[in-house]
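Here the structure comes first, spelled out in structure tokens, and everything after it is commentary.
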Amino acid sequence: MVDVPLGPGTIIPAEIEDVELYHPKSWVTKYVFSQDAKVIAVQYAIVALSVGVVALVLSWLMRLQLGFPGVFSFIDANAYYQFITMHGMMMVVYVLTALFLGGFGNYLIPLMIGARDMVFPYVNMLSFWIYFLAVLVLVASFFAPGGPTGAGWTLYPPQAILSGTPGGQDWGIILMLVSLMIFIIGFTMGGLNYVVTVLQARTRGMTLMRMPLTVWGIFTASFMALLAFPALFVGCVMMLFDRALGTSFFVPSIVEMGQPLDRSGGSPLLFQHLFWFFGHPEVYIVALPAFGIVSDLISTHARRNIFGYRMMVWALLAIGALSFVVWAHHMYVSGMNPSFGFFFATTTLIIAIPTAIKVYNWILTLWRGDIHLTVPMLFALAFIITFVNGGLTGLFLGNVVVDVPLSDTMFVVAHFHMVMGVAPILVIFGAIYHWYPKVTGRMLNDTLGKLHFWVTFLGAYAIFFPMHYLGLMGVPRRYYEIGEMSFVPPSAHTLNAFITIVALVVGATQMVFVFNLIWSLRHGRVAGGNPWRATTLEWQTPETPPPHGNWGKEQPVVYRWAYDYNVPGAEQDFIPQNQPATNTLPLMGLAHA
Amino acid sequence: MLSILVFLGLLAVIAAWWLAKQGIASKPWMEQGVAYDTREFSPAPSPAKIGFGVFLAVVGTLFALFISAYAMRMQLPDWRAPPIPQVVWLNTIMLILSSVALQGARTAARRDDADALKIGLAAGGLAALAFLSGQLLAWRQLMAEGYWLATNSADAFFYILTGVHGIHLLGGLIALASTGSQAWRGTPPQRLLLSVDLCATYWHFLLLVWLILLSVLIGWAGEVAAICRQLLT
Amino acid sequence: MAVALILVLVAIGSVAFHLFSPWWWTPIASNWRYIDTTIIITFWITGVVFVAVVVFMAYCVFRFRHRPGQQAIYEPENRRLEGWLTVVTAVGVAAMLAPGLFVWNQFITVPEDATDVEIVGQQWQWSFRLPGPDGKLGTSDARAIGPDNPLGINRDDSNSKDDIVIEGGELHLPIGKPVKALLRSVDVIHDFFLPELRTKMDMVPGQISYVWFTPTRTGTFDILCAELCGVGHFQMRGTVVVQEQSDYQAWLQEQTARKFARLAPTE
Ligand code: HEM
Ligand SMILES: [Cu+2]
Ligand SMILES: [Cu+2]
């Protein structure tokens with residue numbers, strides 16, 4: 001197959017001339033109010049990781065209380081519930097969503113599809129600063145009178161806006177709702193950018209089916225986020241009205257601390273529907289980019305094309321679509337009409353099928369590969385294990401009747417930490433080790449990386465795997481202390497202490513990673529343009545780190561898909577996407593195709 | 001949650017149709033060279049247009065969710081729908097006029113007719129302002145009759161739905177004002193074509209949203225849904 | 001090498017922990033044995049999948065690790081293999097879902113002869129109401145709540161006259177008789193959770209939800225609140241005492257007597 005020359009009248013899609021880009025003139029426009037997606041990506045990443053450190057410290061405090069109840073007198077019940085809430089909300093929204101879409105999305109989308117930048121750079125910059133504002137408002141609630149809200153990250157009314165909950169009648173809940181609304185507005189700006197850039201700014205030859213799965217994952221997740229966040233927005237607006245203006249959307253006639261409230265008729269379940277209509281897709285908004293990234297990590301470091309690329313794309317799309325019709329599996333025991341359970345259990349377990357296909361294809365990619373056990377590869381392997389573990393426990397919770405004894409217990413806490421806490425975080429680490437050389441031009445230190453990997457993976461597994469069994473026993477979640485429960489043996493307290501100690505060790509090890517990030521900036525081995533010998537476009541930039549505009553004079557032209565590793569008859573074990581087609585057909589090995 | 005599911009279903013159909021055209025079933029490893037890019041033969045629309053389309057999808061989702069919430073809350077026994085102030089009908093006419101005027105502006109921009117363009121933009125903007133002031137009037141009437149925000153959730157929904165719609169129109173007016181000022185400063189209509197185009201589309205979209213909201217607030221939508229349910233059973 | 005070994009150890013360790021650790025569910029005390037059976041089926045299926053995936057990975061890591069001269073194959077897809085895997089997965093999923101839905105149907109279908117018991121949650125304690133001799137509970141309304149009527153019982157409803165209210169105490173139930181628990185809250189969402197009876201349902205203010213079960217073992221069981229309901233959430237405990245029929249009747253007599261003793265002076 002030979003390159004077909006361009007006929008007259010062919011249109012070159014969206015090639016922005018380099019000169020047309022607004023190149024920054026001063027330090028402020030280059031590093032602070034930058035419109036370069038790569039700088040914005042780093043800004044997002046730094047802010048999100050900082051929020052992550054705060055959330056991590058909060059998790060230590062919670063674990064200290066759970067492991068050694070009564071020892072740390074400064075953690076009272078009030079504070080504990082505030083920590084839980086802020087930890088959960090920060091991790092899910094302000095760390096993972098922001099990091100995957102704002103961080104990796106901004107850095108990788110334009111580079112991987114061969115664009116010079118996002119299509120709306122100015123809006124992109126606004127998006128980051130609005131996100132930053134949302135973080136400031138969120139953090140401000142720590143200093144507000146009454147402290148942050150302690151309503152749990154699910155913010156269920158009516159308790160979220162009543163005085164029995166920390167921050168319910170103070171500033172906490174208001175700041176939380178306002179911060180979320182700001183975040184959603186900022187995210188919508190960013191999300192529009194990511195989606196439109198993929199739709200419109202792909203370079204010549206970059207068809208949809210030639211995009212790396214990373215781009216597919218981020219693209220699908222951004223689309224889902226654009227359609228899911230409005231549900232949270234609507235919920236926030238209505239709750240804010242209930243809290244501040246005395247409406248009764250979610251508040252029925254109730255008493256507050258013995259006093260009848262002047263509300264009537266509201267439906268607490270209405271909020272839950274809105275929340276989970278956002279909340280379930282949110283799980284996949286975090287998971288799909290991780291799916292995409294991990295596919296590329298595995299393929300690159302196993303030197304083998306991703307197995308079943310088409311299935312991978314279809315499965316992504318199927319998961320994205322299906323995840324909008326499963327939300328009420330979080331509400332099996334919420335008091336909603338119980339016959340909904342049949343429908344939602346069925347849709348939920350159906351989602352398991354495309355998800356399982358993805359897992360099969362990852363491990364089949366390893367089969368007969370040439371596996372380099374680099375640090376990113378190790379993280380990818382660990383992701384598969386934790387994700388499979390968490391996904392399988394999801395089959396318990398999705399299967400409506402099994403959810404009855406398990407919901408709202410530590411089993412749930414263990415499940416979602418495994419599947420949307422640990423697994424995506426491992427991908428984030430792997431991805432940072434993988435792309436750090438592109439961002440900075442230097443490699444991260446390998447020994448420190450391996451230390452970081454083993455402690456984090458084995459530690460996180462040791463934290464969350466045993467926790468399932470506490471839940472199976474019946475220990476509820478969101479308990480400040482277990483206290484006396486007739487069915488909980490004393491050994492459970494030992495287990496809790498063990499989990500806490502491991503959590504502290506794992507947390508402390510993250511400092512090794514932070515040190516590595518900073519130290520390697522100066523002292524890391526110089527990476528060169530393509531240290532992993534990868535095919536995708538971001539590794540083919542003329543300069544590393546890529547300057548504003550990415551490609552120098554000419555945008556790359558794409559001639560092949562993203563996974564030409566170990567093509568029979570090729571000189572090297574990889575063929576970059578922008579290498580023109582040759583007459584040697586790599587198709588001889590395609591017995592199965 | 002029915003209305004949001006119907007809306008998202010519609011989006012899913014559009015997405016599926018578009019993806020089907022993109023060779024989603026092709027085997028990319030069999031194909032080398034630039035020639036496999038369908039955009040070589042039919043160019044993609046401009047980023048602004050695609051972005052605008054996606055934006056409308058997001059706004060549509062927002063309204064579909066509000067309507068879903070309305071429909072769920074409505075079924076509870078304390079619901080007392082407020083009377084719809086008469087001025088709302090006048091407002092609806094204003095919004096229709098506004099849409100028509102902007103459609104006129106769009107054709108004028110296509111014809112490169114600077115004067116007609118200015119008239120269209122001005123008329124559209126004024127009619128939209130009239131709509132917004134009319135909506136405020138409707139709020140004041142409701143309050144005068146004792147239907148406050150916290151009186152009943154039906155009242156609260158009236159204020160929220162009209163308010164969110166109004167804010168979106170207000171945002172549109174800002175874009176319209178900037179386009180208008182450019183037209184007045186003598187920018188040739190051809191160069192304004194894109195912004196006028198987007199404004200007009202946005203206005204039609206908001207008109208459609210308003211008509212749906214109105215039918216929901218009056219209760220027609222509920223009746224239609226009830227009839228559909230009867231037909232199905 | 002080491003990596004493959006550690007991966008295998010993770011799988012073995014997980015299975016060993018499952019089999020040998022002392023932490024397991026509490027012995028069941030209700031008719032919901034089927035739930036436990038479904039969990040066991042699910043443990044088997046998911047356990048096999050987990051071990052298979054991890055061991056397969058470990059094997060690949062060991063067998064196809066990079067060595068000089070190692071070359072990967074070029075195989076973009078294999079429709080037949082992928083088709084089979086999809087089918088097998090679908091069968092496994094169906095094998096878990098089918099019993100699950102079957103049991104769920106029982107879970108939400110209350111038997112005719114179940115006795116009504118009302119459970120009321122409030123920050124942060126449990127109260128109970130028994131229907132009394134007429135077997136019917138009177139209606140309630142949160143707006144009727146006051147110092148002398150903490151549960152907001154509708155006093156005008158003749159069914160409420162003989163209702164027996166137990167505040168903040170323990171609920172007694174007879175063994176072997178199905179109970180329909182009517183769940184209600186007067187302030188925020190709580191959740192009626194009895195780990196040993198495999199029973200859990202939210203109690204939502206403004207509506208009445210239900211859950212049914214038949215106690216099958218005498219003893220004293222903890223009621224926990226399983227929906228975050230404010231700072232006192234973890235302290236919201238109650239007790240269910242399951243008794244033989246005769247003991248239960250004696251307790252019921254005592255409660256009734258107490259009720260009328262309390263009412264006597266005002267009448
Ligand atoms: C080693 C790291 C982590 C530790 C030790 C940890 C620990 C905890 C603990 C102790 C709780 C409270 C459990 C309870 O009593 O209900 C919790 C809740 C939670 N965590 Fe983590 N966590 C970690 C990482 C993460 C990550 C990465 C995420 C991101 C998804 C996350 C999301 C959540 C959420 C959503 C909650 C629920 C909050 C709520 O109940 O409202 N955590 N975590
Ligand atoms: Cu979910
Ligand atoms: Cu409670």
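Placement of Cβ uses the backbone N, Cα and C atoms for every residue, glycine included.
Taken from TrEMBL as is:
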DOMAIN    A:27-559  domain 'Cytochrome oxidase subunit I profile'
TRANSMEM  A:39-61  transmembrane segment
TRANSMEM  A:81-109  transmembrane segment
TRANSMEM  A:121-144  transmembrane segment
TRANSMEM  A:171-192  transmembrane segment
TRANSMEM  A:213-241  transmembrane segment
TRANSMEM  A:274-295  transmembrane segment
TRANSMEM  A:307-328  transmembrane segment
TRANSMEM  A:340-363  transmembrane segment
TRANSMEM  A:375-398  transmembrane segment
TRANSMEM  A:410-433  transmembrane segment
TRANSMEM  A:453-475  transmembrane segment
TRANSMEM  A:495-519  transmembrane segment
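Two recorded stretches are said to be in contact when at least 3 C-beta pairs lie under 8 angstroms, sequence spacing 6 or more; the transmembrane segment (A:453-475) and the transmembrane segment (A:375-398) meet this definition. In summary, the transmembrane segment (A:495-519) lies against the transmembrane segment (A:39-61): three or more C-beta pairs, each 6 or more positions apart in sequence, are under 8 Å.
Tertiary neighbourhood of the transmembrane segment (A:375-398): same-chain residues 290, 294, 297-298, 300-302, 326, 329, 345, 348-349, 352, 355-356, 359, 362-363, 406-407, 411-412, 414-420, 422-424, 426-427, 429-431, 433-434, 444, 446, 449-450, 453, 457, 460-461, 465, 468, 532, selected by CB-CB distance under 8 Å and a gap of 6+ residues from either end.
As a whole-number mean, the pLDDT of the domain 'Cytochrome oxidase subunit I profile' (A:27-559) in this prediction is 94.
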